[in-house]
Every structure is written in C-alpha cells, then in structure tokens.
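What follows is one structure encoded as structure tokens, with my remarks underneath.
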Amino acid sequence: MSMIFFASVVRVRDGLPLSASTDFYHTQDFLECRRRLKTLALQLAQYPGRGSAESCDFCIHFSSSGDLACMAICSRQYPAAMAFCFLETLWWEFTASYDTTCIGLASRPYAFLEFDSIIQKMKWHFNYVSSSQIKSSLEKIQEELEFQPPMVLTLEDTDVANGMMNGHIPKHSEPAPNFRMEPVTALGILSLVLNIMCAALNLIRGVHLAEHSLQVAREEIGNILAFLIPFVACIFQCYLYLFYSPARTMKVVLMLLFICLGNVYLHGLRNLWQILFHIGVAFLSSYQILTRQLQEKQSDCGV
C-alpha cells in the first residue's frame with residue numbers, strides 16, 4: 001500500500017517531539033521503524049535539510065529548516081517527491097500556527113497536541129486526494145530534488161551514532177550525565193577526615209616555616225615546598241574521592257608519589273612515626289579512591 005503512515009513535528013536542537021499523528025499500525029516492523037525515527041530525530045542537527053532512510057518495508061523522510069523539522073514514515077512505494085511535498089506543507093502549516101518563541105520554550109513532549117488533528121487531515125489529503133490537486137507544489141519539489149537530492153542514510157548508522165546498536169546502550173568508559181559515584185562508606189569518611197588533618201598539618205608547618213624565615217636559604221625553600229606540595233596533594237586526594245575524574249588512576253599515583261617524596265624529604269623535621277602516619281593516610285586515601293566505582297543512575301525521562 002503506497003501511503004504515509006505516520007508524521008511528526010520535532011525540534012531540531014534536541015529532537016523533542018512537538019506534535020504527531022495518531023498511530024493505527026502496530027506491526028513489529030512499523031514499531032521498529034518508529035523507534036528508529038526517534039533515534040534519528042535526536043541527530044537532525046548534524047544532517048542537511050532533507051534526508052531519507054529505508055527500513056524493511058518503510059522509508060523515513062525528514063525535512064528541516066531552522067529549529068523545526070517534519071518527519072514521516074511512508075511505504076517504500078510512496079514517491080519521495082510526494083513525501084517531501086507533504087513535509088514542506090506540514091512545516092509551513094505548523095510555523096503559521098505557532099511562533100518561534102512558543103516552539104523554543106516548549107519543555108515537554110507533544111506540547112502542541114491540538115495540532116495532531118491537522119496532521120491527520122494532511123495525511124489523509126496526501127494519501128487519498130489526486131496528486132493533480134497539488135501539482136504546482138509537487139513540480140517545485142521535484143525540481144529541487146533533482147538539483148539537490150536528499151541525503152540517503154542507513155538506519156544502522158544512526159543507531160551506532162546514538163549509541164544504541166541493536167537496542168543496547170554501550171558501557172561508558174568515562175563518566176556521563178546519567179552516572180554518579182557509589183555512596184560514601186564509613187572507611188571513606190575516615191580517610192577524608194585523616195587526609196584533611198594531614199593537609200592542615202602540612203599547611204600550618206609550611207606557612208609557619210615561611211613566616212619565620214627572614215633570609216630564606218635554599219634548604220628552607222625545599223622544606224617549605226615539601227610541606228606545601230603534599231598539602232595540595234592531600235586536598236586533591238579528597239576531591240578525587242568525592243568526584244569522578246578522567247585518568248583517575250594516574251592522578252592517584254601521582255598524588256601518592258608527591259606525598260611520599262615530600263615526607264621522605266622532611267626526614268629530620270618529622271620523626272619516623274609522623275612520616276609513616278602521613279604516608280599511611282595517603283595509601284588509605286588512594287585505596288578508597290580506586291575502589292569507589294561509578295554507579296548507574298536511573299533516568300528521569302519518562303517519555
């Protein structure tokens with residue numbers, strides 16, 4: 001059957017559906033095509049104004065201009081020129097009904113539900129009315145398509161681009177907006193408290209040494225840095241425990257190395273037990289950072 005099965009109006013910048021026709025088809029192929037249309041809608045900003053993608057017995061056509069796009073699912077036999085003529089007519093009708101401010105401020109899916117009835121009427125008109133009645137518009141579209149053919153997409157590529165090949169979302173190697181850290185443990189809190197204490201001790205000793213050095217010798221500069229660098233490293237360890245950061249393991253090792261080298265350099269200003277305490281706290285904090293993993297957060301989107 002050569003016809004338009006489904007049509008929708010979406011916002012280009014985020015793929016938000018603004019209005020859509022009512023579904024009367026519930027075959028598995030059609031539902032899969034609907035899913036792929038939603039995937040494609042999220043990527044319209046990276047494609048040119050017109051494009052088509054085939055899926056089994058259906059074709060998805062889209063036409064966009066500005067921040068508004070119209071999309072349709074048609075049978076493969078339905079002429080592409082007729083489909084794009086329908087989409088352009090739908091675009092003009094929607095922009096005549098709503099201004100750009102209303103479109104830009106829409107925050108929920110299908111905010112313009114009342115426009116659905118107009119989409120249904122236009123679908124019926126293009127499906128059942130003789131094409132001679134829209135001959136002038138159709139000829140214009142045909143000329144445009146000959147001069148600049150629509151982009152041809154493969155729906156498998158759009159799925160890969162959206163990270164949803166075969167309906168499975170790939171695991172994230174880096175933190176994403178829908179991920180958060182696991183809850184803080186009691187041992188983690190203890191490591192934070194001890195780390196802050198070590199940082200405070202390093203800062204106090206470093207500042208005190210700098211203030212009482214009227215003529216700072218080279219050895220004293222080294223001692224001041226040996227206090228202040230571990231102070232910064234301790235604070236950064238606290239940050240790494242509380243928040244995820246890319247290349248976390250490398251940063252943890254680097255901070256641990258700074259703390260260990262600084263305390264070894266301070267041998268003489270600190271006794272062995274003080275040095276072991278600071279290094280022990282640094283190792284405990286490093287272990288807590290590396291064992292605190294990402295936890296997937298449930299999506300708040302109910303659409």
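Here the Cβ of each residue, glycine as well, is placed from N, Cα and C on the backbone.
If you check TrEMBL, you get these features:
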- 8-119: domain 'Longin' (DOMAIN)
- 184-204: transmembrane segment (TRANSMEM)
- 224-242: transmembrane segment (TRANSMEM)
- 249-266: transmembrane segment (TRANSMEM)
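Note on the transmembrane segment (249-266): residues 202, 222-223, 225-227, 229-230, 232-234, 236-237, 240, 275, 278-279, 282-283, 286, 289-290 of its chain, located 6 or more positions outside it, place their CB under 8 angstroms from a CB of the stretch. Taking the domain 'Longin' (8-119) as a whole, pLDDT averages 89 in the prediction. Taking DSSP states H, G and I as helix and E and B as strand, the domain 'Longin' (8-119) has 48 helix, 30 strand, 34 coil.
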